[in-house]
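According to TrEMBL, the compositional bias 'Polar residues' annotation covers 15-24. Annotation source TrEMBL lists domain 'G-protein coupled receptors family 1 profile' at 38-315. Taken from TrEMBL, the feature region 'Disordered' applies to 1-24, 231-255. Here TrEMBL flags 26-46, 66-90, 110-132, 153-173, 199-223, 263-286, 298-318 as transmembrane segment.
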Amino acid sequence: MGNISEDSSREDCKSLQSLPSGESPAISSVMFSAGVLGNLIALALLARRWRGDAGRSAGRGNSISLFHVLVTELVFTDLLGTCLISPVVLASYARNQTLVALAPERRVCIYFAFAMTFFSLATMLMLFAMALERYLSIGHPYFYQRWVTRRGGLAVLPTIYTVSLIFCSLPLLDPEKYVQYCPGTWCFIQHSQTTYLQLYATVLLLLIVAVLACNFSVILNLIRMHRRSRRSRCGPSLGSSRDGPGTRRRGERVSMAEETDHLILLAIMTITFAVCSLPFTIFAYMDQTSSQKNKWDLQALRFLSINSIIDPWVFAILRPPVLRIMRSVLCCRVSLRTRDAAQTSCSIQSNANK
């Protein structure tokens, strides 16, 4: 009898026309407001950063940081997704109707499900592009300087949107794969009788692993940069006669500090997306009965939606002064631990030269 009632409940959710009593739009309203406000603040800070970089680079001929171009595209994607998805939920609450009942032929339900899959995949692809840019910048600087340009960074957004559009349009060939879930304020890919949901979750999981691998490689390269800069303090470099050792060392310290700041920001965004997409991955591979019993479907949607809210706030909070504090905390122990070793190495080399 329990299984029969659960099956009938699932069928009722798919065709439910009005929202159950007691449903409140409070959570959806707070999420929408926080998402829009956070993204607008992040875009304003990025615009200020763009003006500052443009002013500083006017006399030097340097281009604006490609990393910040990609961050801008990520924030724009989050803002666009929030503005195109959340109002549908608020309209459902305002009319006390489910997404299926808002428009004939389940058009709103299909639109909502497609938009959710599209913007979630686009966000993860943007994070992968940011991680790949850091990996090439640190690990393959000659290739990066020759082939990676700011114009190429501007082409990343339409490329990602095209790939996401093609991949997420596959269920549109059979709109029945999109179904409504309880309490009737959201639609997504049907949990049973389709392998596309598991394929979609697998793609997200592989992208997360790829981003983590790129970040780990960047960490290793930053450690090598730190060791090289530590060795260079023992004596003048080959180029000291032209630029001076002090100028070169200051340039290395600034470069490494900037790369560390970018890594901290990217790592926190990646961890946030990994945590937010974990319930969805579990939901995709769970048995349908278990997911309904534990309400994993609703939890997965909420966590997946929270990511576009947290990302801009992460950028807004982690301003350069905060990043400097975090960098000093992370590097303090390493610096204290290696200072004595560097001094010992320098003294040994000096005695050997004498």
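Don't overthink the numbers, they just go from 1 along the chain as shown.
Glycine is no exception: its Cβ is also placed from the backbone N, Cα and C atoms.
At the 8 Å Cβ threshold, with sequence separation of at least 6, the transmembrane segment (110-132) lacks contact with the transmembrane segment (26-46), having fewer than 3 such pairs. Non-local neighbours of the transmembrane segment (263-286) in the same chain are 71, 74, 120, 123-124, 127, 130-131, 134, 191, 197-198, 200-201, 204-205, 208, 211-212, 215, 218-219, 222, 296-297, 299-301, 303-304, 306-307, 310-311, 314-315, 318, 323, 326-327, 330; each lies 6+ residues outside the stretch with a CB under 8 Å from one of its CB atoms. Note: the compositional bias 'Polar residues' (15-24) comprises 1 helix, 1 strand, 8 coil (DSSP; helix = H, G, I, strand = E, B).
Mean model confidence for the domain 'G-protein coupled receptors family 1 profile' (38-315) is a pLDDT of 78. Sequence-distant contacts of the transmembrane segment (199-223) (same chain, six or more residues past either end, CB-CB distance under 8 Å): 117, 120-121, 124-125, 127-128, 131-132, 134-135, 138-139, 167, 189, 256, 259-260, 263, 266-267, 270, 273-274, 277, 280-281, 283-285.
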